[in-house]
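Trainee: Dumping what TrEMBL says about this protein:
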COMPBIAS  172-186  compositional bias 'Low complexity'
REGION    161-186  region 'Disordered'
SIGNAL    1-25  signal peptide
TRANSMEM  49-72  transmembrane segment
TRANSMEM  79-101  transmembrane segment
TRANSMEM  121-146  transmembrane segment
TRANSMEM  206-228  transmembrane segment
TRANSMEM  234-253  transmembrane segment
TRANSMEM  265-284  transmembrane segment
TRANSMEM  304-324  transmembrane segment
TRANSMEM  336-355  transmembrane segment
Amino acid sequence: MGIFQKTLISAFLLYLFILPLLVSAAEEESECGGSKGGDSAAAKASVRNFKIVAFFSILFAGVIGVCLPIYGLKSESDFFMYVKAFAAGVILATGFVHILPDATESLTSPCLGEEPPWGDFPMTGLVAMSASILTMLIESFASGYFNRSRLEMEGKTLPVSTAGDTEEHSHAASAHTHASQGHSHGSLLVPQDDHTDIRKKIVTQILELGIVVHSVIIGVSLGVSPSVSTIKPLIAAITFHQLFEGFGLGGCISEAKFEAKKIWVMLLFFSLTAPVGIGIGIGVSEIYNENSPMALKVSGFLNAAAAGILIYMALVDLVAPLFMNHKVQSSLKIQLFCSLSLVVGAGLMSLIALWA
């Protein structure tokens, strides 16, 4: 194991042990929006300092989390499969335990009034379901587009056989016979490995989109928080949140085998979204009202859509393929450890919901 990998793992473990101390240091606050002690200049300066700490802490956690599976682990090892299961659990819990309840709270807030559809209609479920269906359709049409494009390119390069091309004709017949046995369709179809790689890349990019939407929202929420007692537990909880989400996303990026430049773009895009959200929140904190009808609708719809995307992707694209994998199915040990990793990942991410 190289120095870089050891450094990543050490930083990951440091976060796991030190950050809970911040949660225990949090002060109690009232149920209806926290203390109002941030009116003085000294209190505002203290709040601003904590937000700056949150900015760098969350940025560093995101980088460590997403880099560790990409640069610190071998994708061929059994341990990487356990990491994938852990990551799938984290993403599943993010959708079900973190984002969906937030969306429901926003879209059922009394501040929206009782007029339809805000009074009785389950808008959160509708938006989440629509996002899940849209995600499936995007995956399907994108995969189909790439397959058809590859077919057209390969079809243009096929040699034209003649009556005298005995060897070539024999090869084509052999390929057709092989296809009739259900193994392949010869040179006219995209190879299975290429199809799988394309699908993994599509899945990873849609997954990052869902994660990024939520990251911006929680960053803005921290940035507009008015009191230290609110910010202290949020620093720890959101840092853990980004650490584990990055871990999950990093595992998918590693498996999708993107080019180095693309990996760094995705890494920076994920790592910067929550800190940028904090910066936006700080900038608009004097005028932003998170309980205004417009703010509740925007955050509620975005959170509900992000939840639908993450829940679909976690179950359909991460958990199911992993547990139906031949390597997992053929080894009871791997199956048990993957199951345990899935539960631990979902459990730890759900635990963070106590503070965030």
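Cβ from N, Cα, C; glycine included.
Caution: TrEMBL annotation is automatic and unverified by curators.
Quick one: how deep are these features, and who are their neighbours?
Mentor: Residues 4-5, 8-9, 11-12, 15, 80, 83, 87, 219, 222-223, 225, 228, 231-232, 234-235, 238-240, 242-247, 249-251, 253-254, 263, 267, 270-272, 274-275, 278-279, 281-282 of the same chain lie 6+ residues outside the transmembrane segment (49-72) yet bring a C-beta within less than 8 angstroms of a C-beta in it.
Through the fold, the transmembrane segment (79-101) approaches residues 69, 73, 124, 128, 207, 211, 214, 241, 244-245, 247-252, 254-255, 303-304, 306-311, 313-315, 318-319, 322, 325, 327-328, 334, 337-339, 341-350, 352-353, 356 of its own chain, all at least 6 residues removed from its boundaries and within a Cβ separation under 8 Å.
A Cβ distance under 8 Å defines the sequence-distant neighbours of the transmembrane segment (206-228), meaning residues of its chain 6+ beyond its ends; these are 27, 29, 34-38, 43, 46-47, 50-51, 54, 58, 91, 94, 98-99, 102, 135, 138-139, 234-235, 238, 241-242, 245, 249, 252, 266, 269-270, 273-285, 288, 290, 299, 302-303, 305-306, 309-310, 313, 317, 356.
Within the same chain, residues 12, 15, 19-23, 50, 53-54, 57-58, 61-70, 80, 83-84, 86-88, 90-91, 94, 98, 200, 203-204, 207-208, 211, 215, 218-219, 221-222, 225, 263, 266-267, 270-271, 274, 318, 345, 348-349, 352, 354-356 sit at least 6 positions outside the transmembrane segment (234-253) and bring their C-beta atoms closer than 8 Å to a C-beta of that stretch.
Same-chain residues lying 6+ beyond the ends of the transmembrane segment (336-355) with a Cβ under 8 Å from its Cβ atoms: 23, 26, 78, 81-90, 92-94, 97-98, 101, 233-234, 236-237, 240-241, 244, 248, 319, 322-323, 328.
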Trainee: Short question: which residues 6 or more past the ends of the transmembrane segment (304-324) have a Cβ under 8 Å from it?
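Mentor: Beyond its ends, the transmembrane segment (304-324) has Cβ neighbours at 81, 84-85, 87-88, 91-92, 94-96, 99-100, 103-104, 107, 123-125, 127-132, 135-136, 139, 203, 206-207, 209-211, 213-214, 252, 335, 338-339, 342.
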Trainee: For the transmembrane segment (265-284), could you work out the same-chain residues 6 or more beyond its ends whose Cβ comes under 8 Å from its Cβ atoms?
Mentor: 48, 51, 54-56, 58-59, 62-63, 66-67, 70, 204-205, 208, 211-212, 215-225, 238, 242, 245-246, 249-250, 253, 258
